[in-house]
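If you check Swiss-Prot, you get these features:
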type    : residues                                       : note
BINDING : G170, D171, R172, Q173, T174, G175, K176, T177 : ATP binding site
SITE    : S363                                           : site 'Required for activity'
Amino acid sequence: MVNLRPDEISSMIRQQIEQFSQQVQFNHVGTVMQVGDGIARVYGLNDVMAGELLEFADGTIGIALNLESDHVGAVLMGDGRNILEGSEVKSSGQIAQVPVGEELLGRVVNALVQPIDGKGGIETKQTRLIESPAPGIVARQSVCEPLQTGITAIDAMIPIGRGQRELIIGDRQTGKTAIALDTIINQKNEDVICVYVAIGQKASSVAAAVNLLATKGAMDYTIVVTANADDAASLQYLAPYTGAAIAEHFMYQGKATLVIYDDLTKQAQAYRQMSLLLRRPPGREAYPGDVFYLHSRLLERAAKLNKELGGGSMTALPIVETQAGDVSAYIPTNVISITDGQIFLSSDLFNAGIRPAINVGISVSRVGSAAQIQSMKKVAGRLKLELAQFDELQAFSQFASDLDKATQMQLARGQRLREVLKQSQASPIPIEEQIAMIYAGVNGWLDKLALEEVQPFLSRVRSELRTSNYPSAVKSKWSEEVEQMLKDVLSKHAQ
């Protein structure tokens, strides 16, 4: 046993007295009544706020969603296997917030912005509330700048502007994610920060998407937020709001951002699961009554801010999956009514080898030509009409035996325009080359070519135009000189 001198004992006691604090810390503490299926019912937290974070005895975080007269219904941010009935729960006095900032660029994180890519921790200087109000009417300006996707069919006929919400909708395996990833890849030199939110997907699918973005050099300006299929329903519900909060941080700094929610059907299903377990009354298709508000409060955060607020923008590309092409189901109709247009992908077109499988007839952009450069507006005006007439004639020609010359020519033109719009995945086309391809298609330069010769011909034309001063000229303005430049190159290769 160590012998202590009296003066040592007295100095230790003196130190203890000096360090003694009379501060009293108040904690609101409750008790777990019931736990299971990612839901906990807590008794005794009378002063808790809706959406407040709760801390359980095992360190699991929960969110208070149901405030009832005798208990609080909370969703758990984890499996909650170590939470026992009768254990203690503390209220934190805080609403959910996540770290934001440029430190997240190039990283893959979960719905709570914890890194899951094995590249070490992330130290950010700022945080932001997961749920924050959307910009008001005065804070916005109308969409006026184009956001090029690099996909000819979209940039020509269904243009997307910075600050727009454009829905990508279609059955499973029709190329919805491919369009979203191509759009991210095309932002390489455009100074746009991209956030890709994967909700309820297989981990292998997310890994493949991250790998593709990394291969194309797109991870330098991209943040991936993922809540996989095996994650808790609460994390799948939160992931889109986390993505929006990350993008909002950059938007309010005056930067252009692009957010992809892949897909909101899975988020709605996770929210339905949570609501039913919390015993909220079910409505149509067993979804709770506020499922419209679930998506509207998320998508309304996308905006083009006015000059006083820095002129930043958040463009949202939500994805919704349909069953057997049924666009009139509950979630699809909800999201269609919230967004500024939709790109409809058809499984019939996909199976017929037309990729991207965009059904031009029922796809629409409500922003329209305000989100196009002047040259594209000039050239692509006739394209949608020609394709619509072709679709109508093609259906009619299956029943007619003999067709007149004009009808045959129109059918031939439509087939060649379809070839122009075909595009392989992860190979976005610059806007100036798209204009040249469409100009060749609508002005009859491809009419005499066989269908299999269309793509090789266009690729030769594009290669030559790249080396001329055509790209910079066509971006500034459509003029007779630009048109003559195009005609010279087309006639040279048409011989």
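Backbone N, Cα and C atoms are what each Cβ position is placed from, and that goes for glycine too.
The structure displayed is predicted, hence computed values, not measured ones.
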Inside 8 A of the center formed by the CB atoms of G170, D171, R172, Q173, T174, G175, K176, T177, which other residues of the chain have their CB, for the recorded ATP site?
E321, L345, S347, F350
Here are the binding-site residues: G170, G175. Which has the lowest count of other Cβ atoms within 10 Å?
G175
Would you please pick out, from the recorded positions Q173, T174, T177, S363, the one with the fewest other Cβ atoms within 10 Å of its Cβ?
Q173
Neighbour count first, Cβ atoms within 10 Å, every protein chain included; then name which of R172, K176 tops the list of binding-site residues.
K176
Test of understanding: give the count of other CB atoms lying within 10 angstroms of the CB of D171 (ATP binding site).
18
At the Cα level, what's the spacing in Å between K176 (ATP binding site) and S363 (site 'Required for activity'), rounded?
13
Rounded Cα separation (Å) that holds between R172 (ATP binding site) and S363 (site 'Required for activity'):
17
